[in-house]
Structures are given as structure tokens and as C-alpha cells.
Amino acid sequence: DVFREGEWTKSIEMYTEALSIADYADSEEICVATSLLEKLYANRAAAYLNIGLYDQALEDCEKALYLNEGNYKALYRKAKSLKEMGRHQEAYEAVAKCSLAVPQDTSVTDLTQDLAKILGLKIRKAYVRSKVCVRYVSKLNNIESPMGMAVGMPEVKGLPAAVELAKNPLADTHEFKQACSSCYVKTGPGVLDYTLHTEEHKCKKDALLGRFKHSLDKKWKLIRPRPTKTQYVGPYYICKGNCLYPGHCTFAYCQEEIDVWTLERKGFISRELLFDPYGPNSNIRLTVPKILQEHHGIFMFLCGVCFDHKPRIISKTNKDDLSLCSHPVTKHDFEDHKCLVHILKENTVRYSKIRPLSPQCQLDLCRHEVRYGCVREDDCFYAHSLIELKVWMLQHGLGITHESIVQEAKKFWNSTALLQGAQISNVQRRFGPPNLKMMFVCGQCWRNGQLSEADKNKKYCSAKARHMWAKDRRVVLVSSHERKKWTTVRPLPTKKPIPSQFEICMHVTAGKKCQYIGNCTFAHSLEERDLWTYMKENNIPDMDQLYEQWLQSQKPGWGDETSNNSVRENGKQIHMPTDYAEEVAGNHCWLCGKNCNSEKQWQQHITSEKHKDRVFNSEDDQNCWQYRFPTGTFKVCERFLKSTCTEDELCKLAHGEQELKEWMERREFLLMKLAKARKDHLIAPNDNDFGKYSFLRTSGKRPRKPRHETVTLKYFLFPQMVSIC
């Protein structure tokens, strides 16, 4: 009360007396809560600041932060004290930590910008995701109890209506535009030699253009779709020199393209959000087909109890009783516990849970889930995946239910299957050279004078001997309309460069057997020459891909052994709902996308080196860290400070305070990922062998606390190490 009246000196006397009482209570073995001591120090620091006693204010802030390093009020007051004392670099570091806790507080933002100007730093607006309508009142200068990381929620009775989706993360630095091939025309040989015409026309708006807002270069640049066929997770780079793969290069052509690709890969933005889908002049609306066209996969219901189990279990409806789930032991009531899940089947299977949209839900991505997993799980009000965010936006705009989403998805894939079937039928009529018939037969049977194709399951040949139907055991036969005789064709020569046209071997032309020792690169028949030419012109590099395309041309839905019912669209594998119909039992690792059918197989998986690397490793290791990987010794190298260290990258100690600071942050980040993996039972309880990450086992003991504080020793160990009171 005295503090609120502005009597700073008297409030300092009362805070000091309270701390003295706490010290006396400690001597009488009466415990005073640490949270109360933390408030006393932080509030006395505020009083010291108001009368200009910055040294004393800094000392109290340090004591409050010692008790709770997440007290952002103490961090803010520490930064103000350091600034007034002329220690601007330390002040900037303190306010930077504070801004992580309260990024939207104007007092913190103003102090950060003031310190940046003093230090001569380049002022850049912090990365802020789509804004959320949240009531937040700055409380940095009052004396109410410090808040943690909790975020206040708006009191709404209906669905959230004030969410500003138009403010994408790049809105302050970039501007975007839609165009088409009619208005954005190529004018030169370079990859960026395009000109945008502004004449009125019926624009298809199928191309994304971008440029920097405050750059001298006002030219619009094409931002191609992000390459997804590669497994590369490092930072994107700009293609240098003359591009050998124009239009299909996996390197970026400009910085604007790098910025969009990076945020797209992390799931922070969607291309639709760059054009204000809820703006007043926009007609863009999300639909279930649009979502599936962009993200592929399928929506279906799974048992929510099994899905939330630790570790995750995937179970659908029971075949014998549709009212129960397919869990082999505990069969839950499916209708009461079902949850909507988006399933994407690529190299692995990814399951993304879609929680019901509630009035408290915020149409924004959870930053914790994106980095290392959100500890609040289903209690979090933010979307945990880009697909969940889009479904929420769809429900927000149309009010569609989860049951309707599943039905719409089934209709979409049924129509897609019919279309794909028609396309494959067309391929069947035109596949291969027009003058040749083609078939694949068992090589062993062919040498014995028999023509044996594969059986229905594509595992054995159709002969009585049932030879294995493998890649190295089948041969391709072709027959021309003129000769009407089946002839074997050898694999396409690997000679580089591939000749512009293939010639017939001179020995074969003379009616003799080829005398060349090795693989002759000349064709041994007219049919072989025609098929090689066809493969070269259609970019078919080997017989395996030729077999895959030939198989698809024979019957819709047939494919390679590794893609049973999938079809391909523009080189991408498209999976139909029937691809997800197999019965799944056992545990599922969401990190690796692997299903395990037994406890033994599960233990083998979670103890494998590849799985452990997935626990810690992510693209953030490539994009966010500037210095070396931590060695486990968190101390600055004295020889480096004296410029006498000769070990360079092999040195076990940190080369400077900045590297040490990053090592500490990286350790905290890795521990958060490890805690999430342990919580989800993705790490064996007694497994502490993590290879290069084993330095996380070392403890960081804190110095002894003052007498007036509760005696609580916290060790920097794994979650199984308890705090000792």
C-alpha cells in the first residue's frame, strides 16, 4: 500500500524489515516460502529504482533471480538498473531474456530498442507469429505477484472472431503478390529474368511472387513451391552460376524464396495465409479437398484413449464389433473415445491429432510444440500442427463437424481414384514405343525356354517351380509388329554422356555374335535400340523404373512392392484411403513414424542409435546455432582469452562467453526434448547412453543459498533424479 502511494523510502524500510523477519524465522527453523522472498526482493528493487539507487536495485534483482531465474519482472528491473549504470551490453542481454517471457509487452520492446540503438545494433523487429487476440496488461512496474509463462485468455462466448490471420510472420519485411504465366512472363535466359505485366486480364493466380519492402530492388521474384522430394533438413542456399536444372533446382533462386521455404518447412506459415484469407476483399476459403490437395493423406477416426497412451497405440474400429476399438487387450468404446486424426503415409507414417475447436482455441501454432513438444498437450489452446490449424480455420469459417470432414475426405478420394484410374487407362494405351509390345518375365524360366510372368501377389513367377519374383530375376521382352518375335533387352547403358542416338552394333549388323568383352553400349537389335531411345526421351534411367511404369499401365492401382495401392501425381506418391486400411497393433513412435508389433521390437527400436539421434536432432541444429556443438565442459578457455589456444575446433572448452552462452541454451533445449521423449516413453527408463549427447548426464550444482532461504538443492540431471528437500 505504501509503494502504491509513491512513498519509496518508507516502502524500502518495510521490505527490509520483512526480509529481516524472514531471516529470523529461518534461524528458528521456520520455513518462509521462496515465492514470498522472491516478491520482496523484486519489489524492493522497484523502489530502489524509483529513488535512483541502481546498485542496490541490481543486487536485489540478482537475489530474486537466484530464487527464480524465470522472474521476468526482476529481469526487466535488472536491465533498467544496468542501463542507468552504463553497462549497456549486460542490460541488453537481460532484457533479451525478458522478451522471451513477455514478447508483446511494450515496456520490454521499448527498452530493447533503446539499448540496441545505444549499442549500434541493427534494429530488426522480432519474429512474431500470427497475432492472437489475447488480453494482456503490462504489469512490469506494479508489485503484484510475478506470473510465470501462463498466457491470459480472452473471455469469449462464441468462436474467436478477432484473430488477425492476415499478419503473417513476414508481413513487416516482405510483400507478396499472386500472378500467372500470362502476366509474369520470362524475358531472358536467367532464372530470374521475368517481367510482370500489369494489364487487366483473367489471372489464374497460380504463381507466388515476393520482394522486400524496403529494398532498392523493386523487382518481383518468383517463389517456387518448396522442394519436398529431398530429405535435406539443413539451411537453404542460393543456386550459384548457370543453373543446370532450371525450374526444378532444389537450391533457392533468391533470398525471398529462402525466407518463405524456411518458414514453410517449420510449419510457421501456409501460402494461403500470405494473402489474407479472411480479408474483406478475399474470396479464398479453405475446404477439405483444398487441405488434402496440399497436405495429401487422409482424415479418419482412431481410438483417442489408445492414441493418447504413453507410448502411442494406433487402433481403429474392431472388425468383429464396430462399437469397440481394435486394441488387442483393452477394447475401449470407440464412439465415446474416437478422435479425428490426419494420417500421412510417405517414407514413414505420420499421425496428427485434430482436437475439437473450442471457444478458447487460438488460431495460431504452438511455438513449444514446433520446437520440442508442448508439455500441456491437449490442454494447450494453440494448434500443434499446421494441419490442425487449417482444420480449425475451416471449422471457424464453415462450422463443419469432424464427422463431415471424414465424409468429405472420403468423397474427395473416391473422385480422385476415378480420375487416376482414367489417367492410368490412358497411360496403358500409350506406354512404351508405339511399334513395340512389352512384357516382363521370369529370367530363369526364359533361359529354360518358358514364358512365365508374375503371379497375382507379385512374389513368385507363375510357373510350377515358383521362382522368386525379384528385381535381379526378371527380364524385359519386346516384340515388334514386323518381326513378331520376343527379344530380350539389356539395361540402358550407363555411359556418360548418353549419346544423342543409339546405333546398332557392327557385329550384329554383319550377322555375327558381338565380340566385345564387357557390356557393349551399342544396341543388339532394332527393338533394343527403340526401347533404349524411348527410355532416354522419357527420363527412365533403369529397368526398375521401367517395370514400375509398365506395371501401372497394365492395371490401375498396381505399383512397386513398396507402394501397394498408391498412384503418382507429378512425381509425388498419392495414397488412397485403402492404403490406411491395414490393422495396426502395438506401439507407435511418432518421432520415427514406426509401428512396432511386439514389446521386443519396441525395445529394440527405442534403444537403437538412429532413434536416439531423432530424439535430439532436428533442423534447429542446422539453422539456429552459430557455434560448435557442446563438448560437455561448460567453461571458457583461458588460453583462448589470451590468444594462445592452438587446438581450435578440437578444444574442449568454450571459445568466448558467447559460445558458452549458446552451449548453455543448447543444453536447456536438448533437455526439454529429452524430457518430452521420456514423458512419451520413447526412451528406456534406465537408458543413459546417448553418444555425443551424454554430457547431459553431468550435474550442475548451484552455490549455497543464504540462511533466510529454504534449503532446496536442485541438480541439473535427468527427470528420474528427484529434487532433494
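Each residue, glycine too, has its Cβ placed from N, Cα and C.
Since the structure is predicted, the reported quantities are computational estimates derived from the model, not experimental observations.
Checking the ranges 112-134, 365-387, 664-686 against TrEMBL, the zinc finger annotation falls on 365-387. Looking up the ranges 64-92, 151-179, 499-527 in TrEMBL, the one annotated as zinc finger turns out to be 499-527.
Within the model, the zinc finger (631-658) carries an average pLDDT of 85. Here the domain 'C3H1-type' (631-658) has, by DSSP, the following mix of helix, strand and coil residues: 9 helix, 2 strand, 17 coil.
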